[in-house]
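The signal peptide annotation in TrEMBL covers B:1-25. Per TrEMBL, transmembrane segment is recorded for B:56-77, B:98-115, B:121-141, B:153-173, B:179-202.
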Amino acid sequence: KEADDVKDEL
Amino acid sequence: MNIFRLAGDMTHLLSILVLLLKIYATKSCSGISRKTQELYAIVFVARYLDLFTDFISVYNTFMKVVFIASSLAIVWCMRFHPMVRRSYDRELDTFRHYFLVGASFALALILHEKFTVQEIFWAFSIYLEAVAILPQLVLLQRSGNVDNLTGQYIFFLGAYRAFYILNWIYRYLTEPHFTRWIACVSGVVQTALYADFFYYYFISWKNNSKLKLPA
């Protein structure tokens, strides 16, 4: 998955 | 991670701890909407589908597990714990919350960042979380008096998303390509839904009086 796809927020 | 998001996560965790304290200490869930708790359980399960596929950090994984486990435990308590379930205001908690689930999912099918299962369930969880408090606010209006722990629970629950709005503003200003329109617009709507509750909460705090919502 591209980096910006990963949801880093809860 | 920034201070606003950390404050938001800690406030969110605090709201869950206050609710667990109320249920555990008083063995009662009076004044708490089971429907809202069920919606939150759906929100966390739908949002954290990436729990096993994307590892962000120990903190991120730990908090996801805590949110999923606590929301499911609260729903379980309200449905099956013999002492707790007896105090559930069944006749007051009548909001047709399945409409909220349907509408949020329909909206997620239309408005999402990418047309993939994970992204659609993520958008669905964002929209559902924005309206999940409605059954709880309706129940409060009907039950009139609000016990302290319930009032604090709802206050922290509303405050956490307000911190997230500051987080999104901060990230928008500091990170070049940061845009989270779905979460941000939905978060503003979510926080706005608490506006009148915050007003009456502030009034009761200022007058040091019991929190009462006008029927």
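Just so you know, glycine gets a Cβ as well, placed from its N, Cα and C.
Remember, TrEMBL labels are computer predictions, not curated facts.
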If we skip the immediate neighbours and take only residues 6+ beyond the ends of the transmembrane segment (B:98-115), which ones have a Cβ under 8 Å from one of its Cβ atoms? 39, 42, 121-124, 127-128, 131-132, 134, 182
Sequence-remote partners of the transmembrane segment (B:56-77) [C-beta within less than 8 Å, at least six residues beyond its ends]: 1, 9, 12-13, 16, 19-20, 23, 29, 34, 37-38, 40-41, 43-45, 48, 84-85
I need to check the long-range neighbours of the signal peptide (B:1-25): which residues 6 or more away from its ends have a CB within less than 8 Å of a CB in the stretch? 32, 59, 63, 66-67, 70-71, 73-74, 77-78, 84, 147, 149-150, 152-157, 159-164, 166-167, 170-171, 174
